[in-house]
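In what follows, a single structure is set out as C-alpha cells and then discussed.
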Amino acid sequence: MEVEGKGGEAGPSTTTQRKFALPVDTENKSTTFRLFSVAKPHMRAFHLSWFQFFCCFVSTFAAPPLLPIIRENLNLTATDIGNAGIASVSGSVFARLVMGTACDLFGPRLASAALTLSTAPAVYFTSTIKSPIGFIMVRFFAGFSLATFVSTQFWMSSMFSGPVVGSANGIAAGWGNLGGGATQLIMPLVFTVIRNVGATKFTAWRIAFFIPGLFQTLSAFAVLLFGQDLPDGDYWAMHKSGEKEKDKVGKVIFNGITNYRGWITALAYGYCFGVELTIDNIIAEYFFDRFHLNLNTAGIIAASFGLANFFARPGGGIFSDLMSKRFGMRGRLWSWWIVQTLGGVLCAVLGQISSLGLSIFVMLVFSVFVQAACGLTFGVVPFISRRSLGVVSGMTGAGGNVGAVLTQLIFFKGSTYSRETGITLMGIMTIACTLPICFIYFPQWGGMFCGPSSKKVSEEDYYLAEWNDKEKARDLHLASKKFAENSRGEGGRATTHPQT
C-alpha cells in the first residue's frame, strides 16, 4: 500500500543535503506512505512504533479473556472486576500527559522505550498475585504502557508530511490497537497450550502472562536499537551538535494547554477510543454471561471487535487525508463528526439487542465506526500546534483514557446498571460528547460551519504566533515556519494559499 502526498522531493535550497529513500518535504518528512517498505528512518519508525504499541496493548488487556478463570481463582466480585477494568485504563491518564511533554523534550524513541521497559515488570508480577487488590494493582501499573500511543502518534507526525500524516497515524495506531483484539485470541490459546502440557488451570493462567511480558520487553529494546526520533537524527545527538535547541518545558506545556482545540479533541477522543477501551474490558465477559457461551467462543467474538482495527482505524486516517485533499481541514472535521456520531448510534442500538447473531453483527459494524473515528481524530491533532505537538497529543490521548474511566465508573462498576443498559447509555454519551467538534475553528482554514477568517490569516500567522519576538530572533521558530509552508493544502482546493 502506498499513499502519495502532494509534496515532492524537496529542493536543495530548502533542505539539508541528507539523502532519503522516500521523497521528503522541507522538514525532511516523507510525503509518501509505503506500507511494505522498511526504509530508514521513516518507515522503520512506523513499524517499530506500531509493534511496540501492539505489545503494550496485549499486555494491558491480557487479563479480560481469562477473567472467568481468574475470578474463580482469586474470588473476584463484580465490583473487583469493575475496579480492575477502571484501573487498567486510569493509570495511563497521567502517563499520557507526561509522555506528550517527554516526546517534545526528549524525543519519542527514548520516551516510549523507557515507559515500556518500566511497565513490563507489572505484567510479569501478574503471575504472583493472590488477592483482588493485587489483581487491581497489576492491571493499574500495566496500563501505564498504553501511553506509548502518544509517542506513536508523535513519532508518525514527526516523520510524515501533512498530506499523508492521517494515514500514517491511523495505520500505526490501528495496528497497535489490534492488540486489544489479538489478546482475546492469544491468551486463551496460550492458556490452553499450557494446560495441555500438564499444568492446572490456576497455574496455567499465571504462566500465560510471561508471554505478553516478554514481547513487551523485546519491543522496547528494538525501538532503542533500531529507531530514530526525527528524519534528521535523534534528539540527544541534535541537541549536542546544536542542530536542535532544547525548548523550555514551561512554554511548551503552557502553549499546549491554552489551545482550546486540544481540549475538544480530548473530549471527543474520550468517546471513541475511550469507548473502545471500555468494550475491550467488558465484551468477552458480556457475551460469556449474557448468551451463556464458553470461554473460547466468547473470546473469538470479543476478538473480532478489536481486530477490526486492522482496517477500521487506518481507514479513518486515510479517509481524513482524502477529505483534506478535496475540502481541506473542514473536510477532516465534518467526516470525523459524522463517523463518530454514527458510532454512538450503533453503540446505543447494540445494548438493546437480545439476539446473539444480530448482536455480533451490530457490534462488528459499530467497531468499524468507533475505530475509524479514532483515526479521524488524529488526522486533525497534528495541525493544532507545531510547537506543542506532544502536549496536544498527550492531552488527546489522556482524554481517551479519562473517557474510559468515567464510562466504566458510571455504567460498568458494580450492579447499578446491567451490561446492556450501560452499553446503550455509553452510546448516548458518545453522541453528546461528539458535538463540540463543531466548535473547532482554524482562522486560516475555517471550521465545520464557516470558512477562513475575513482577516486572511495565513498558516505562518497561526503557527508562528506560538513564538515570541525574542525566540524568533534566535531562529527557534524556523521548524514551525517550514511546517506552516507544508500545511497550505489544509485550506482545500478552493482556498489553498499560493506559496510565497
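Cβ atoms are placed via backbone N, Cα and C, with glycine included.
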Of the residue ranges 91-112, 333-354, the one that TrEMBL records as transmembrane segment: 333-354
Annotated transmembrane segment segment (source TrEMBL; candidates 175-195, 259-279): 175-195
Leading contact stretch, 136-155, 207-226, 360-384, 391-411, 423-442 vs the transmembrane segment (293-312) - CB distance under 8 Å: 360-384
For the transmembrane segment (360-384), sequence-distant contacts whose Cβ falls under 8 Å of one of its Cβ atoms, 6 or more beyond its ends: 153, 157, 162, 165-166, 169-170, 173-174, 177, 259, 261-262, 265, 268-269, 272-273, 275-276, 279, 283, 301, 304-306, 308-309, 312-321, 324, 329, 332-333, 335-336, 339-340, 342-343, 346-347, 349-350, 353, 392-393, 396, 400, 430, 440, 442, 487, 490
Recorded stretch, among 50-69, 175-195, 207-226, 333-354, 391-411, maximising Cβ pairs under 8 Å relative to the transmembrane segment (136-155): 50-69
Long-range environment of the transmembrane segment (207-226) - Cβ separation under 8 angstroms, sequence gap at least 6: 44, 48-49, 51-52, 54-56, 58-59, 62, 66, 109-110, 112-113, 116-117, 119-121, 123-124, 126-127, 145, 183, 186-187, 190-191, 194, 199
Intrachain neighbours beyond the transmembrane segment (50-69), with Cβ under 8 angstroms and 6 or more residues off its ends: 76, 81, 84-85, 88, 112-113, 116, 119-120, 123, 126, 135, 139, 142-143, 145-146, 148-149, 152, 171-173, 175-180, 182-188, 191, 201-202, 205, 208-209, 212-213, 215-216, 218-220, 222-223, 280-282, 284-285, 288, 295, 299, 302
